[in-house]
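Engineer: As annotated by TrEMBL, transmembrane segment applies to 35-55, 75-93, 105-127, 133-161, 173-191, 203-223, 264-285, 327-350, 356-378, 398-418.
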Amino acid sequence: EDPPLVHDTEDSMILFGADAQKKAPQVVNEPEDRYNITLVTCCVLGIAVLFPWNALITANNFWSYTFGDDTDFEFYLSAVVNWPSWITLLVFTKFGPMFSFNSRIISTLLVYSVALIFIPAVCSSSLEDNPKAILALVAAFFIGLSSSILQGTILGLAALFPSKYTTATMSGMGIGGVIVGLLAVITQASLGSLENGATVQAWVYFLSAVVVVLFALVLYIIMTKTAYAKFYIERYYTETEIQQMNDSKQGRPIGWYWNIFTKIWVNGFTVWFVFFISLSLFPGLMLAVKPTYVSVTWYNLLIPLEFNVFDMLGRSLPYVFMVPDKFVWIFALARIVFYPLVIFCVNPVLFPSPELWMYGINAIFAFSNGFFGTLPMVYAPGKVTTDEQQTTGIMMSFFLNFGIFCATNFAILLSVIIL
């Protein structure tokens, strides 16, 4: 059990930007997370961080309806969101902790809200296609930039708490995908046949994202007032020597970051490899299977929904069961077996009914992605000292996003070779 923490309320000013005056140091015993407010907030922040991106990629019918099937808008959309993300996190690893959690989380959530309303509004306007596309891509760029900062921040924040809070954050990211997937199925069934159905569907996705983002903002503000959150975050600052805090304002020496990297590089590689395997096959090749039992439209909705459901379950399993850290990388490497399995479904030589096989493969594929992608994120903060935990969370977020970046580019090569 952690010993009583000695702190003063100046730390609250550093963290939350509160108007407070210095008081004499106080002894604070570790409080409980009443009503699991902090745990729920971590989960909802996880939902919020990827919900806008899920809305963007799920609105593919809207992009086709707005810009036509022959344009490369979706390619540019993916590029302006994904390309800056890993670069942002690389820079953010060094400079992010200089800014308070409040400034990072609140500002990015507000940018989300504005951009999510702006994109469907401008795309539904009477502007010419080129100005529409440019304005939408600029807004999407800011969504991608905010997503990188927010993801690094909330994983850095969750790393300061016990490991289940990182699990909650990762679970939230999976839950967000499930919600958007369900919205896609429901809106397709109810609105798909309407002339302007694609536009209405898009507004449902984006407005739902705004609601989630604002709810996350309210919960975060409530969480910052709780004794439990203050205890752990202030401990992060208190256990960091004053000189180290001054260094963080000027920039930590490279050796400090290298020291963290040497402790967590196996976890970093593991999460990179898990997401590299997953995003190089999904959704691209997995949606290239020719369905025989449902239409292409419904197959393209069901496979992502199934993936998101089993991914969420995999991300949540560490609440009750965890593979020992030293074995996780082995299971991650074993996922390379999904390459031949998916390729055989795309070019059905061994599998006579590839659609049915794909549903089974997709379930295992997604569950293993969620489980073995979450475990390294949970284990890494436990390998470093308290003052290194926030930077560790940001570093792990970088490895995750760099895996996605590498995968999406490798997926283009795979599709050229296989399709």
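Note: Cβ is positioned from N, Cα and C throughout, glycine not excepted.
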Engineer: By Cβ distance under 8 Å, which residues at least 6 away from the ends of the transmembrane segment (264-285) in the same chain are close to it?
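Structural biologist: Sequence-distant neighbours of the transmembrane segment (264-285): 303-304, 307, 325, 328-329, 332-333, 335-336, 338-339, 342-343, 346, 362, 365-366, 368-369, 372-373, 375-377, 379-380, 383-384, 392, 395-396, 399-400, 402-404, 406-408, 410-411, 414-415, 418-419.
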Engineer: Six or more residues beyond either end and a Cβ under 8 Å away: which residues meet both conditions relative to the transmembrane segment (105-127)?
Structural biologist: 45, 48, 52, 55-56, 62, 66, 135-136, 139-140, 142-143, 145-147, 149-150, 153-154, 157, 199, 202-203, 206-207, 209-210, 213-214, 216-217, 220-221
Engineer: With Cβ-Cβ distances below 8 Å as the criterion, list the same-chain residues six or more beyond the ends of the transmembrane segment (356-378) that contact it, or say none.
Structural biologist: 155, 163, 166-167, 170-171, 174, 266-268, 270-271, 274-275, 277-278, 281-282, 286, 289, 293, 302-303, 306-318, 322-323, 325, 328, 331-332, 335, 338, 341-342, 344-345, 396, 400
Engineer: Is it true that the transmembrane segment (398-418) and the transmembrane segment (203-223) have 3 or more CB pairs under 8 Å, sequence gap of 6 or more?
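Structural biologist: Between the transmembrane segment (398-418) and the transmembrane segment (203-223), contact is absent.
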Engineer: Cβ under 8 Å to the transmembrane segment (203-223), counting only same-chain residues 6 or more beyond its ends: which ones?
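Structural biologist: Long-range Cβ neighbours of the transmembrane segment (203-223): 37-38, 40-41, 44-45, 47-48, 51-52, 54-55, 58-59, 105-106, 109-110, 112-113, 116-117, 119-120, 176, 179-180, 183-184, 187, 229.
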